[in-house]
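A.B. asks: One structure, pasted below without further comment.
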Amino acid sequence: MAEQGAGGDGHRGGDGATHSDPASDGYKVQEKRTAPSRPTSTVSGQTSNHSGNKPDPPPVLRVDDRQRLARERREEREKQLAARETVWLEREERARQHYERHLEARKKKLEDQRLKEERRRAAVEEKRRQRLEEDKERHEAVVRRTMERSQKPRQKSNRWSWGSPLHGSSSIHSGDPDRRSVSTMNLSKHVDPVISKRLSSSSATLLNSPDRARRLQLSPWESSVVSRLLTPTHSFLARSKSTAALSGDTASCSPIIMPFKAAHSRNPVDRPKLFVTPPEGSARRRTIHGLASHKREREREHVPFHVSPGARRTLSPSNLKARSPAPARLWLPSKSMPHLPGTPRPASSLPPGSVRAASAQAPSSSPGNIRPFKREVKVEPEKKDPLPAVKSRVPLVKVEEVTVEEGTPVKPPEPAAPASAPIATPAPAPATDPAPVPAPSSTVTVGVVPKTSAGTTDPEEATRLLAEKRRLAREQREKEERERKEKEELERQKIEELARRVAEERSRREEEARRLEEEQAREKEELALRLAEEERERWEREEVERVQKQKEEEARAREEAERARQEREKHFQKEEQERLERKKRLEEIMRRTRRTETADKKTTEQRNGDIAKGVLTGEPEVPALPCMASSGNGESAESPHGVALQQSEVTTESSPDLEKQPNENGMSIQNENFEEVINLPVGSKASRLDVTNENPEIPLKPILAFNDEGTLGPLPQVDGVQTQQTAEVI
């Protein structure tokens with residue numbers, strides 16, 4: 001029995017050590033799995049030597065441990081889930097930060113591209129604006145030059161037209177009396193009545209001709225030309241009937257006075273000059289009129305005009321003052337004309353030396369052999385005309401000088417004075433005297449040159465020539481007007497074409513720039529849309545992946561929870577099955593124990609010794625099971641009653657062979673250890689005590705509730721059963 005007690009104590013001690021050291025969860029779980037398989041000793045009696053050992057803890061503590069372990073597992077799982085969620089949140093935060101950095105980089109790159117494109121577009125726009133400004137300035141310069149050119153010919157055409165008054169006409173007409181030579185005026189004073197009558201009739205015929213009604217009113221300059229043409233010349237007087245009354249000296253009228261503006265050119269060298277040609281052998285007067293064709297007139301523009309040095313006529317101081325404001329006009333005075341026979345010849349106030357010095361320029365060989373010579377007249381050029389398109393509207397007139405050749409059959413009553421003899425022109429009166437007859441002057445000399453012819457003696461011829469001149473001038477003017485209009489129209493068309501081209505080019509450039517801007521804007525929009533679409537797709541893909549991962553994690557968590565729940569259910573089912581098996585075994589043991597106690601009751605009372613004394617004293621014994629199922633601290637109540645109870649239990653658990661053993665000196669063998677120890681593992685065969693115990697009323701082991709609610713029978717029933725058993729034993 002001592003060995004049995006030691007074995008029982010060893011088993012209980014192992015159980016107590018197991019429950020008293022909950023160091024690790026794995027060990028506890030292993031304990032929970034191995035605890036149901038451990039045998040529970042229900043020996044009711046032990047010796048007093050083992051009374052100090054701790055009893056097994058109640059099964060309620062195991063349920064609490066399981067609940068605590070389950071709670072710890074739940075907390076651990078919650079911690080793991082929280083850690084996983086934290087990791088997920090950190091990953092999402094990192095992904096979001098990476099996405100934001102990526103977006104910032106893309107935005108910065110797009111902004112840089114936009115700024116670069118704007119700078120390039122601004123540079124292109126600036127260049128285009130500069131080109132447009134340059135084109136505009138060039139176009140304005142062309143238009144300005146064209147307008148200046150178109151206005152200047154119009155002004156010159158108006159200035160040179162036959163019907164418009166000439167500039168400085170007042171000075172011309174104020175000096176009209178001086179434009180004739182003295183001899184012509186003297187000739188007009190001393191003309192014969194027959195000639196006057198003839199001239200008057202010719203003048204009347206000219207002025208009253210039917211062609212005059214068709215013509216416009218003559219300008220003052222034209223009137224002066226007509227009056228000079230109607231003035232009789234020396235050749236006409238020589239051929240007239242009154243030639244005998246005239247002296248042998250020839251006289252000439254003043255040449256045709258042409259304003260210098262008839263010779264115009266851009267270069268002073270190209271300006272035409274009046275020239276006088278000597279006669280070839282006849283004393284007749286010839287006048288070369290303006291050509292009808294424009295080509296011949298242009299060719300004639302470059303022919304220089306030559307004036308003989310003897311044809312210069314000095315002006316009086318009054319005339320110099322009057323003509324000084326118009327230095328550009330050249331008035332070609334006529335050569336001095338000898339007086340008629342009836343007129344006294346004024347004496348020259350010049351000494352012969354001065355006269356010879358003045359006339360030294362003209363070569364003179366003999367009085368009868370006279371040859372004229374030419375001399376160019378230099379005048380101040382006018383302001384250069386920027387457009388030489390407008391030509392002179394006044395036809396050029398070439399005046400031939402008429403000289404008296406040697407041997408001309410003129411019969412003068414007195415011999416003619418030598419042609420080379422200088423004749424001093426009288427100087428005019430004081431400036432206040434308007435008389436046309438000049439007074440002699442010592443500073444004025446006239447070279448002896450042949451006289452010039454001023455026109456024809458026939459009034460019809462003069463009228464015809466004048467009409468022809470006017471017709472040619474009108475045709476020339478109309479032609480020039482047409483050419484000017486055509487040129488202006490051409491210039492205008494060119495300007496319009498240039499403006500149209502500039503406008504088209506500007507519109508084309510603007511359209512191209514607008515199209516380029518639209519394309520760039522469209523490309524930017526497409527790029528932005530594409531980027532947004534890519535970002536959206538990436539975000540959706542990440543969202544789908546995140547949701548998928550979350551679903552997978554949730555599925556794994558559910559699977560793990562389901563697996564844990566199934567394992568827990570299996571474990572609970574196994575424990576329940578083991579508990580039921582233990583309950584059945586306990587019931588069988590209790591049943592066998594009750595049968596053994598009832599069978600051995602009488603034999604125990606007949607024995608002499610301590611047991612009989614204890615029975616007779618009637619002391620109550622404390623049941624063993626309540627002591628074994630004491631409070632959770634595992635301590636058992638140590639008392640003599642407990643020792644006696646253990647002795648009685650050991651006695652009851654003895655085999656039937658004990659009855660056959662002899663009782664020496666009336667004492668039972670109590671200190672001998674039984675060889676047979678009750679050990680009922682799962683599936684073991686019942687011993688002989690189990691076979692003999694057939695009473696099912698007494699349970700072998702107290703009923704414990706494995707559930708928290710305690711659905712099975714309570715522990716007090718076991719206590720009641722133990723008390724009844726003890727009473728029956730007593």
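Keep in mind that glycine also has a Cβ here, set from the backbone N, Cα and C atoms.
Feature list, courtesy of Swiss-Prot:
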- 89-152: coiled coil (COILED)
- 460-589: coiled coil (COILED)
- 62-151: compositional bias 'Basic and acidic residues' (COMPBIAS)
- 294-304: compositional bias 'Basic and acidic residues' (COMPBIAS)
- 357-367: compositional bias 'Low complexity' (COMPBIAS)
- 373-386: compositional bias 'Basic and acidic residues' (COMPBIAS)
- 440-453: compositional bias 'Low complexity' (COMPBIAS)
- 461-610: compositional bias 'Basic and acidic residues' (COMPBIAS)
- K273: SUMO2 cross-link (CROSSLNK)
- K295: SUMO2 cross-link (CROSSLNK)
- K374: SUMO2 cross-link (CROSSLNK)
- K378: SUMO2 cross-link (CROSSLNK)
- K398: SUMO2 cross-link (CROSSLNK)
- A2: N-acetylalanine (MOD_RES)
- S161: phosphoserine (MOD_RES)
- S183: phosphoserine (MOD_RES)
- S200: phosphoserine (MOD_RES)
- S202: phosphoserine (MOD_RES)
- S209: phosphoserine (MOD_RES)
- T231: phosphothreonine (MOD_RES)
- S235: phosphoserine (MOD_RES)
- S254: phosphoserine (MOD_RES)
- T277: phosphothreonine (MOD_RES)
- S282: phosphoserine (MOD_RES)
- S366: phosphoserine (MOD_RES)
- 1-183: region 'Disordered' (REGION)
- 291-388: region 'Disordered' (REGION)
- 403-669: region 'Disordered' (REGION)
A.B. asks: Residue counts in helix (H, G, I), strand (E, B) and coil for the compositional bias 'Basic and acidic residues' (62-151), per DSSP?
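C.D. replies: Tallied per class, the compositional bias 'Basic and acidic residues' (62-151) gives 90 helix, 0 strand, 0 coil.
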A.B. asks: Tell me the residue counts in helix, strand and coil for the compositional bias 'Basic and acidic residues' (461-610), as DSSP assigns them.
C.D. replies: 146 helix, 0 strand, 4 coil
A.B. asks: In three-state terms from DSSP, label T231 (phosphothreonine) for me.
C.D. replies: coil
